[in-house]
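Asks: Just dropping this structure here.
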Amino acid sequence: LWAQKCGCGKGLLTSSGVFLLQMGWGDLGAFGEPSKETPNLDQMAAEGMLFLDFYTANPLCSPSRAALLTGRLPVRNGFYTTNGHARNAYTPQDIVGGIPDSELLLPELLKKAGYVNKIIGKWHLGHRPQFHPLKHGFDEWFGSPNCHFGPYDNREHPNIPVYRDWEMIGRYYEDFKIDLKTGEANLTQLYLQEALDFISKQQASQQPFFLYWAIDATHAPVYASKQFLGTSQRGLYGDAVREIDDSVGKILNHLRQLGISENTFVFFTSDNGAALISAPRQGGSNGPFLCGKQTTFEGGMREPAIAWWPGHIPAGGVSHQLGNVMDLFSTSLSLAGLQPPSDRQIDGIDLLPVILQGKLIDRPIFYYRGNELMAVRAGLYKAHYWTWSNSWEEHSKGIDFCPGQSVSGVTTHTQEEHTYLPLLFHLGRDPGEKFPLSFASEEYQQAVERISGLVQQHKATLVPGQPQLNVCDQAVMNWSPPGCEKLGKCLKVPESDPKKCSWPH
C-alpha cells in the first residue's frame, strides 16, 4: 500500500500496498474456483481490475520477490544459479548470497518521496546481516528471513527466527507455534494485526506509506488459525486461503473506515504458481494451466492478480494485458511521481495506462529458469526454447511438478532443447499447452519469426548479474541472529565450510 502526490493526474495518493502470497491462478472464485470461498478477494476484483494474463518473473519464490522489488529479471539482479543448467534456486538457510547492494529496491526509491515502508511476512532475499530488509529501504519489519520450514533440531539446522525490525523476537515452532499435525497457527492473524496497526499509525500521522504484505500460510507446511480450520471444502489448504481472504477483506475495510481507500492503491498477486508437488492436501489450483511451481509452463508462472483503487480504477474491469510482478516496481514509482533508475535495465513497465485507461501495451513475457531463457510469450503465442519439468531421478522419488498432466514431448524429464524449432502454442485456443502448432504451418512461421526477433533484442541487452545462489555454508544459517542474546536463543555456530549448492530442480 502506498501514498503520495503522484504524477498520474488523479490527485493525492496517500498509501499503497502489495499483497504477495503463494497461490495458484485457479484458487480464487473470481478466476473460476468452484467452491467460491474467497468472497473478499472476489469483491476486490468486482470493485477493481482483474488481470487474466499476469505473470511472475520466476517459477520459485526468492527470485520472484527479488524481481518484484527491483523491477528486474532474476538473471539481471543475481537471483539465479550457474550450478547446473536451467536450475531453480532460492534462499535456504545455508545460502551465502542475497540481494546485492548494487540493486535499488522499490522502498529505497519511495523513501525519496517521503514514504514510510513496512514489510510483513517473508523476506527471502538473504538472511545474513548485509541483506536485512531495513538496510534496503524498509523502515519496519515483522516476519521471517526464510520460509517456516521445520521444526529443526537446532543442532543440524536452527529453527527460523522471527524479526521485529532489527532483531529477532523468537523462532518458529518454539515461540511462534505451528502444529504440523493439525495445521493450526495464528501467524496470519499476527500479520493481519501488524498491517492494521501500521496503516492506522501512518494515517494518523498523515504519512505516505508502502506496505508489502508477504505472508506464507499457503506454502507447505500449510497453516491456518483455529477459527478457520475445517471450514473449507478444499481441506487445510482451503482453510488457509479462506483466512487470507478474510484478512484482505479486513485490510480493505480498514482503509475505508479510515477514509483513505480512494487514496490507496492495492495490488494482490502471487510469487509463483501453486505447488502441485504438495497437492492435493497442501497444494492449490492452477486452473486450466499445465503443471505448477518450479516449471515454466503456464501453471508455474501465470498468477492471479487484482488491482484496486476506488474512485480511480473503473469497477469490474478485466484486462488481458500481459503483466508481470516486475511491473509493480515501475507502476509504484509512477504513482509516487518518480522515475525508474536510468543507469540499469528495468524490465517492468508502468501499468497505469492499462489500469486507469484500459489501454493495452505490446510487450513480451520472458520465462526464465535459472540462467536459461526457457520460453517467450508474445500476444497469444508462446514459444518454448527448452522444456523440462524435473529429472527422471527426482521424479522416481515421487517429486512431481505436473501430477496427472503428462503431455508427450512437452512435459519432459530430460532437458530438451528446441532452439532451432521452438514448440509453439496458441494460448487462446490451447491454454493448457497440450497441442503444439505444426512446424510447417504459416501460422507457426509467422509467430516464431516475430518471437525470434524479440529474443535477439532481449539477449542483446542482457548483462547477467553476479549469481547469488551458487554458494552454501552451514556457518551462515540462523544460529545467532541479532537479538538472540536477549532471548537466550543464540546457538553455537559451526565451522565455515563453503561449497557449491546442490540444486536438483
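Just so you know, glycine gets a Cβ as well, placed from its N, Cα and C.
Fair warning: this is a prediction, and the values are worked out from it, not measured in the lab.
Below are the features I grabbed from TrEMBL:
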type: ACT_SITE; residues: CYS61; note: active site, nucleophile
type: ACT_SITE; residues: HIS124; note: active site
type: BINDING; residues: CYS61, ASP271, ASN272; note: Ca(2+) binding site
type: DOMAIN; residues: 23-337; note: domain 'Sulfatase N-terminal'
type: CARBOHYD; residues: ASN186; note: N-linked glycosylation site
type: MOD_RES; residues: CYS61; note: 3-oxoalanine (Cys)
Asks: Using Cα coordinates, what distance in whole Å links the residue listed as 'active site' and the residue listed as 'active site, nucleophile'?
Replies: 8
Asks: Round to a whole number and give the Cα-to-Cα distance in Å for the pair ASP271 (Ca(2+) binding site) and the residue listed as 'N-linked glycosylation site'.
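Replies: Each residue's Cα considered, ASP271 (Ca(2+) binding site) and the residue listed as 'N-linked glycosylation site' end up 22 Å apart.
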Asks: Taking the Cα atoms as reference points, how far is the residue listed as 'active site, nucleophile' from ASN272 (Ca(2+) binding site) in Å?
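Replies: Cα-Cα, rounded: 6 Å.
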Asks: List every residue in the same chain as ASN272 (Ca(2+) binding site), at least 6 positions away in sequence, whose Cβ is under 8 Å from its Cβ.
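Replies: Counting only residues 6 or more apart in sequence, the Cβ neighbours of ASN272 (Ca(2+) binding site) under 8 Å are GLN22, THR56, ASN58, PRO59, LEU60, CYS61, SER64, LYS293, GLN294, GLY300, MET301, GLU303.
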Asks: Go through CYS61, ASN186, ASP271, the listed recorded positions, and name the one with the sparsest Cβ surroundings, counting other Cβ atoms within 10 Å.
Replies: ASN186
Asks: Count the other Cβ atoms sitting within 10 Å of the Cβ of the residue listed as 'active site', across every protein chain shown.
Replies: 27
Asks: List, in sequence order, the residues of the same chain other than CYS61, ASP271, ASN272 whose Cβ lies within 8 Å of the centroid of the Cβ atoms of the recorded Ca(2+) site.
Replies: GLN22, THR56, ASN58, PRO59, LEU60, SER62, PRO63, SER64, ARG65, SER270, LYS293
